[in-house]
Structure formats: structure tokens, C-alpha cells
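Chemist: What follows is a structure written as C-alpha cells; I'll ask about it next.
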Amino acid sequence: MNNHIDIFNIPISKINLLDLNRQNLKYFLISLGAKNFCTEQVMSWIYNYYCDDFNKMLNISIKTRKKLYEKSYIFASEFIEEKISYDGTIKWITDINNQKIETVYMPEKKRSTLCVSSQIGCSLKCHFCATGQEGFQRNLKVSEIIAQIWQANKRLKEKNIKKNITNIVFMGMGEPLLNLKNVVSALTIILDEYGFGLSKRRVTLSTSGIVPALDKLRNMIDVSLAISLHAPNDFIRNIIMPINRKYNISSVLSSALKYFKYSNANRGGITIEYVMLDRINDSNENARQLSVLLSKIPSKINLIPWNSFSGPSFLCSNTDRINMFANILRKKGFTTTIRKNRGEDINAACGQLTGIITNYFKK
């Protein structure tokens with residue numbers, strides 16, 4: 001039934017069930033006259049069996065299935081392009097009404113991470129990030145966020161890839177906290193035992209620091225938090241991240257600390273992301289400034305070698321400089337890692353996502 005659904009001919013009154021978390025799905029099913037336990041049954045079909053055909057949901061009454069068909073549908077936008085890196089990273093592109101988003105799967109020995117997008121484009125215009133240079137189109141719906149995970153799991157199963165998705169990171173296109181309501185709703189589905197069932201410690205939301213939204217987030221959901229800091233002081237951050245002129249480092253870290261005190265998912269500390277830009281933010285003095293800045297913030301630091309794209313005149317810090325920077329932080333007592341570049345050859349690495357089709361390999 002739904003395998004070849006024409007999304008443009010669906011009545012506006014119909015609801016895509018991928019837009020509903022468990023609570024909202026329960027209210028919807030009750031409005032159809034279904035029993036309470038039907039909620040878990042429907043979610044199991046959707047998220048365990050990836051079923052988009054109500055006729056196949058045989059443990060649900062015919063009456064309820066008929067009403068579901070009349071009032072709702074299940075639709076996950078399919079990937080239209082796939083690129084596979086030499087290191088096993090896979091990048092998928094989704095077309096949503098002629099606008100593109102990208103999703104990246106990164107397999108490792110002990111885990112497999114899916115990087116999802118929360119917006120089409122991004123309004124923050126961080127100078128070192130390709131997504132921001134493409135401009136902002138719109139927020140993704142809950143169903144469009146969930147569809148990335150849904151389709152990724154289906155695609156991995158089709159490929160007989162046995163490495164299940166163990167971690168999900170909101171580090172793709174867009175600023176998650178500028179799509180707060182939909183991102184939080186999607187997160188509840190990701191964490192729900194009848195949804196994707198991931199642990200909150202295995203789900204990470206990365207933000208540039210939208211302070212009012214971050215303050216709200218701590219009362220909405222508990223997941224691992226990453227702060228895209230990228231500078232040891234406001235002077236540098238103002239230059240490379242224009243959002244800092246609105247929410248400066250002090251306000252961002254203050255809000256992050258409040259989230260940490262609320263959270264159980266961040267016991268090991270908040271992740272501080274720091275892109276390494278040659279002669280901009282990578283000096284020994286910058287490392288010392290960063291250590292002072294974070295001295296009262298329970299944190300672990302992830303240094304990110306800058307991934308190039310056409311446009312900016314940045315250079316990535318060389319390996320020796322990155323190692324020196326990391327060692328200074330380690331000597332100051334900070335857990336410091338250097339991110340391994342994944343998928344750089346297919347423009348799937350951190351800061352390279354644009355949603356532009358390049359015809360490397362089409363589905």
C-alpha cells in the first residue's frame with residue numbers, strides 16, 4: 001500500500017505517524033476509538049519491522065486499521081543518492097520537495113554512528129562550515145528527522161550490514177536548537193523503547209549555543225550535549241562564528257553548565273568541539289586560554305581537524321600542531337581526543353555537508 005505512496009496526493013487532513021511520538025500517537029489512536037495498548041503495537045510495527053502498510057499490522061483490529069488508513073499514513077522520504085567512502089563511511093542524500101539534506105553513517109569497531117540533519121541548510125553562517133554557506137531553507141519536520149534513521153536502518157539491512165546503529169548524533173545540517181520542538185519530539189522517539197530504543201548516553205545533540213533554547217532543553221529532555229565552541233575567547237569566536245555576537249562564550253558555557261547539573265546523560269562531562277584552524281585558534285596560548293576557560297566546566301575536549309571545502313581561505317592545523325595543542329590540554333587535566341576524519345573523500349566529514357548532488361553514485 002504505502003511502498004509507492006504519492007506524497008503530493010495525500011489529503012492535508014491525514015497525519016504522518018512518523019510525526020508523532022508515543023504520547024501524541026496514543027492521543028491520536030484514542031481519537032480513532034483504539035485501545036491504549038494499540039499505541040505500542042503500532043510503534044512496534046513502525047520501528048521494529050519498518051512497516052508502512054497498515055494491512056500488514058495483523059495484531060491490530062481490522063476496524064482500527066481501516067481508520068488508520070482513512071486518517072493517517074506512514075511515509076519516510078527515501079534516499080536518492082548514496083556515496084561510500086574508502087573508510088566505510090556512507091553518505092545518503094534525501095530529496096524533500098526538491099530540497100536536499102544529508103545523513104552520514106560511520107561504522108567503527110565497537111560502535112556505528114548515524115549523523116542526522118535537523119534543518120535544510122543553516123542560518124548561523126559559521127565561516128568554517130559548508131552548510132552555513134548554503135543558506136537556510138527551513139526546519140525539518142519530526143517525520144523528516146525520523147525518516148533519516150528509519151531509511152538508514154532499512155538500507156543497512158538491505159546491504160546485510162550487521163553493524164546496527166548504536167549512536168545517533170545531531171551534527172548534520174542545521175542548528176538543532178533552532179528547531180527545538182521538532183528535534184525534542186524526534187529525540188523522544190529515538191529514546192523510546194518502542195521507538196529506536198537508544199540510551200540517552202548514546203544520543204548527542206551538538207549546538208553552537210542558542211542560549212534561550214538550551215535553557216529550555218534541560219526541562220524537556222536529557223541527552224548527551226556537545227558545544228560547538230571552536231575558540232578560546234570571544235574575539236576569535238566573533239570572527240569565525242557570528243552567532244557569538246548574540247550569545248557569547250560566557251553565556252553559552254553558563255547555560256551548558258546548568259544543563260550538565262540537570263543531566264544524567266553527561267556524567268563524563270559535556271563534549272567541547274573545537275575545530276583546528278591554522279594560525280587562527282591553534283596556538284599554545286590558545287590552548288592555555290581554553291584550559292582556563294573550561295576550568296570550572298566538567299568537560300571533555302574533541303579537537304576536529306578542519307575539513308576543507310570550496311570558498312574559505314582557511315587551512316587545517318598540521319598534525320604536529322594539533323598534537324601539541326592536545327598535549328597542553330591533557331597536561332592541564334582535560335580528557336582530549338582528536339577526531340578521526342571520516343568520509344572526507346565523499347564530502348561527508350564534519351563541516352562538509354551541503355545537500356548538493358554530485359552524481360558519484362546514485363541509487
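Even glycines carry a Cβ here, placed using N, Cα and C.
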Chemist: According to Swiss-Prot, Gly174, Glu175, Ser228, Leu229, His230, Asn307 bind S-adenosyl-L-methionine; identify which of Ser199, Ser206, Ser283 is listed for that same site.
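Modeler: Answer per Swiss-Prot: Ser206.
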Chemist: Glu175 (S-adenosyl-L-methionine binding site) to Cys122 ([4Fe-4S] cluster binding site): how many Å between their Cα atoms?
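Modeler: Here the two Cα atoms are 6 Å apart.
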Chemist: Mind looking up the mean pLDDT for the domain 'Radical SAM core' (108-344) in the predicted model?
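Modeler: Across the residues of the domain 'Radical SAM core' (108-344) the model's pLDDT averages 95 on the 0 to 100 scale.
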Chemist: Which one is it, among the recorded positions Glu102, Cys122, Cys126, that lies nearest to Gly174 (S-adenosyl-L-methionine binding site) by Cα separation?
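Modeler: Ranked by Cα distance from Gly174 (S-adenosyl-L-methionine binding site), first place goes to Cys122.
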Chemist: Could you measure between Ser228 (S-adenosyl-L-methionine binding site) and Cys129 ([4Fe-4S] cluster binding site) for me? Cα positions, answer in whole angstrom.
Modeler: 12
Chemist: Let me check the 10 A CB neighbour count of Cys115 (disulfide bond). How many other CB atoms are there?
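Modeler: I get 26 for this one.
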Chemist: Using C-alpha atoms, which one of the recorded positions Glu102, Cys115, Cys122, Cys129 comes nearest to Ser206 (S-adenosyl-L-methionine binding site)?
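Modeler: Nearest listed residue in space: Cys115.
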Chemist: Where Leu229 (S-adenosyl-L-methionine binding site) and Glu102 (active site, proton acceptor) are concerned, what is their Cα separation in Å, rounded?
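Modeler: Approximately 23 Å lies between the Cα of Leu229 (S-adenosyl-L-methionine binding site) and that of Glu102 (active site, proton acceptor).
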